[in-house]
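Inspection log for the structure reproduced underneath, given as structure tokens.
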């Protein structure tokens, strides 16, 4: 009987730490700098990516650098990484190679980010609040590997670990979607506006599988 009660207690605690939920109107809040607090995003990605688009909203008052989206493979870090180095400067890493995008920003202010990459041309796009930045090119012909470990709140230096609190994210993240294709400019603007857009094939904020670790809280999004 005691063992049964223990399992009931464990199962009762799972919905918040490990869940499949519609998070519409919600955000993950990372309230402090740490080397532990993070969210794992769970996806069954079994084939390498030739193309992708990733979109999300973020709000932070950090002026130092921090990771926004970290996608690692077993034995390969920075396979796909979105990193903000400083105010107005973002980088996209593909297979440890990076390109940097610069934008004039009002700080602190919520931001909507979309970034895409296609293997055939190597062209990477970066959109801030529905507006495109100058296109860059990297890793033409490369394939982003399958079976990733995807983390929000920390930058991975190993597969699901190797965190450094000086690169941790402090703030709020929401409305995260990922496709295995390059969205058109019109589609990216629809995502930014929160209107009807193509169904996400990799990560879907409205049906998200995730695991929260450490001090991470889900709260309503009160900013736009």
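Cβ atoms here come from the backbone N, Cα and C positions, even for glycine.
Look at Swiss-Prot and you will find 1-19 tagged as signal peptide, backed by sequence analysis.
Marked as domain 'Pentraxin (PTX)' by Swiss-Prot: 24-224. Per-residue confidence over the domain 'Pentraxin (PTX)' (24-224) averages out at a pLDDT of 98.
Under the DSSP three-state reduction, residue 51 (N-linked glycosylation site) is assigned to strand. Cβ-based neighbour count (10 Å, all protein chains) for residue 51 (N-linked glycosylation site) stands at 17. According to Swiss-Prot, the N-linked glycosylation site annotation covers 51, on the basis of sequence analysis.
Of all Cβ atoms in the protein chains displayed, 24 besides its own lie within 10 Å of the Cβ of residue 55 (disulfide bond). Under the heading disulfide bond, Swiss-Prot lists 55-114.
According to Swiss-Prot, the feature Ca(2+) 1 binding site maps to 77, 78, 155, 156, 157. Look at residue 78 (Ca(2+) 1 binding site): DSSP puts it in a strand. Counting only same-chain residues six or more apart in sequence, the Cβ atoms lying under 8 angstroms from the Cβ of residue 78 (Ca(2+) 1 binding site) belong to 72, 93, 95, 96, 98.
For 155, 157, 167, the entry in Swiss-Prot reads Ca(2+) 2 binding site, with the evidence type sequence analysis. Reduced to three states, the DSSP call for residue 157 (Ca(2+) 1 binding site) is coil. Around residue 157 (Ca(2+) 1 binding site), the C-beta neighbours below 8 angstroms that are at least 6 residues distant in the chain are 77, 163, 164.
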Which of the listed binding-site residues (77, 155) has the least company, meaning the fewest other Cβ atoms within 10 Å of its Cβ?
77
Determine which residues of this chain, when 77, 78, 155, 156, 157 are set aside, have a Cβ within 8 Å of the centroid of the Ca(2+) 1 site's Cβ atoms, and list them as they appear in the sequence.
67, 70, 72, 81, 158, 162
Least surrounded among the binding-site residues, given as 156, 167, when other CB atoms within 10 Å are counted:
167
